[in-house]
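**Q** I'd like to ask you about the structure that follows.
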Amino acid sequence: VDTLFLIYLFLLNSFRFIAKPCAINLGIQDSGPHRAQPNAILEKVFTSITKSPDGRRLEGLSKQLDWDVRKIQRWFRHRRNQDKPTTLTKFCESMWRFTFYLSIFFYGIRFLWTSPWFWDTRQCWYNYPFQPLTSRLYYYYILELAFYWSLMFSQFTDIKRKDFLIMFVHHLATIGLITFSYMNNMVRVGTLVLCLHDASDFLLEAAKLANYAKYQRLCDAFFMLFGVVFIVTRLGIYPFWILNTTLFESWELIGPYPSWWLFNGLLITLQMLHIIWSYLIIRTAYKALMRGKVSKDDRSDVESSSEEEDVTSNSTKGVFSTSSNGSNRINGHVASGQWTEE
């Protein structure tokens, strides 16, 4: 509880005293998208019936208000967008996550560099379960657990994206693994899993920061680097290094302990999510390379507020696209939809 409170205080202070001034210096304004024109009838429909009316309802509202159907569509689009967080808010959130991921990754690397199980994974199982829990290892675990709990809670208050269920399963599996491995003193292999997952996450947040600041080339470069690191670590190192030691080396050295199946089941669940996210990243990169642009993100949290035709293409150049109100179209753990957060 104390750790969670300290992380909350750090988040609050970083938002007020670090991230916000940086965003303002980069020209990011604390202004939201275009606000919908006040209209009691449409507001009642929006809050009580539907936020995305179908064609039949649009025709009825058009006759009732004597408005053009396209004007009503724009009203609902603006109304949906005005409840979304501003680019400044999202920039501050990404800066907080970038700071955490980068700090915890370098802490993990520094800690593991002098740990014998980093160089020989069989050390994770020697003398198990009678392995000492050092203070550095303890704080590493508690910080990671507190952070993922904060992500789990914030997912229900943030914008609900199309990969909500995937991210929910990811956070649940991660929290379950951290808690389970801690309770069963499997912290050695647990630190390897944590450090491996942190290796690419800070690059994703760096790409989002560049996107919010409208540094498109830098954003694309960070995303491409993130994609390479993500695929190498999650589809290469993770199965051949982590799963190899938890599935085979542990069986050989200590046998099929009672929780072996549950522990490895959770790790395999993470691997399945890695495959899904890697496919989404590769698809995004392929579109960018073949067409020079990427179509609208499948899990976009901000809709176009253009006053132009609704059927106008939402595509813009680059791996990330910025909508007409300045908010990013790719905003999640990995570039899902085209990226997922993590």
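Cβ coordinates come from backbone N, Cα and C, glycine included.
Residues or ranges marked as DNA-binding region by TrEMBL: 44-87. The annotation domain 'TLC' is assigned in TrEMBL to 89-290. Residues or ranges marked as region 'Disordered' by TrEMBL: 297-342. The compositional bias 'Polar residues' annotation in TrEMBL covers 316-330.
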**Q** Where does the mean pLDDT land for the DNA-binding region (44-87)?
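**A** Over the DNA-binding region (44-87), the predicted model scores a mean pLDDT of 82.
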**Q** Sort the residues of the DNA-binding region (44-87) into helix, strand and coil with DSSP and give the three counts.
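**A** Counting residues by DSSP class gives 30 helix, 0 strand, 14 coil.
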